[in-house]
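Structure first, then comments.
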Amino acid sequence: MAVIKVRMSKLRKAKSVEDSRHKSASREPKEGQSSNPKRANGEAPVEPQQREVCAFCDDGGELICCDGGCLRSFHPTKEHGERSMCTTLGLNEAKWQKHKALGEKGLYFCENCKHKQHQCFACGLLGSSNLTAGPEVFQCKEQKCGHFYHPGCVAKILYPDNKAKATCFEQCVAGGLEFSCPVHKCKRCKEAENKHDKEMQFAVCRRCPTVYHRKCLPRDISLIEDEEEATPQRAWDGILPDQILIYCGKHEIQEELGTPKRDHIVFPDVRNPGAAERHRGAPQRHDIPDEDELLDRLASCNPSQSPQPAETDRSRVKPIDSFAPKHLFPRPHPGSCGWLDD
């Protein structure tokens, strides 16, 4: 388990950009610490940007880091989240002290990682991420990412103007093809990040897969509040290392919080184990073809011949099957951020 202390950086309109600067007191995982067991293959330790702030409120403070695949950090107790009005994990003091006493010998897994039920970062719905028992959501292959997607959701974002290509890509992802998700290319210029060039560093939305370079930021995503235009602050520099933290225009800023509503994280309802059962027809591990075959299939897709869509995750996962609350299902598509009806 990793416990880190990050300077508080409350995202309130009364705070200046300089006041919101903070750095982690201990970013490097200690020896023996598992920051991402799924990729424990001797590579360099994962230290994602998500570690820097709480996944609930996007603020710093004393955080507990999940050692599972999601790569997130959380405020553990109500006391830790008071200043930022964070909902927190709600751990009682005894449980929190027990975690702290274990130190690096202990591991913490959030409810999503513990039950292998993760949210799609595009639509917000929960799906099984159990690769041995019929996965519904698949994780981006980038080591420091941590985001999961339904095959249909990520396909529609990556190939918005080519339905045939999107369908073929959806089938490949459902079959096990590794992919890089949309947060690794600028939405405007489609280029990757270059942390050594400040203008080419990313501005990352904390609520959906929207990313811009600094130089590509739209004018309505501002680092300052415009009271005359009644435009709220949507961007904060110095909170994430070498990146800008933003909320894109799809998310309404709550004046009292300085952030969008903090109802975006959904944990599995472990009291209803039947709801977590995998759906029939989901691909099994022994059904997954090798990567060369999948890449050949994707490359051979003919836009003039639309393949019949397979029974993939997006078609199987309906709002009634999800643990997510009803307010995450605006018509015409289920989702929390509007990606799927762009």
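A Cβ is built for glycine as well, from the same backbone N, Cα and C atoms used for every other residue.
What TrEMBL says about a protein is an automatic prediction, not a curated fact.
Positions annotated as compositional bias 'Basic and acidic residues' by TrEMBL: 15-31.
Taken from TrEMBL, the feature domain 'Zinc finger PHD-type' applies to 53-114 (among others). If you take every residue in the domain 'Zinc finger PHD-type' (53-114) and average the pLDDT, you get 91.
The feature domain 'Zinc finger PHD-type' is assigned by TrEMBL to 119-185 (among others).
According to TrEMBL, the domain 'Zinc finger PHD-type' annotation covers 186-252 (among others).
The region 'Disordered' feature in TrEMBL is assigned to 8-46 (among others).
The region 'Disordered' annotation in TrEMBL covers 299-342 (among others).
Sorting each residue of the domain 'Zinc finger PHD-type' (119-185) by its DSSP state yields 23 helix, 9 strand, 35 coil.
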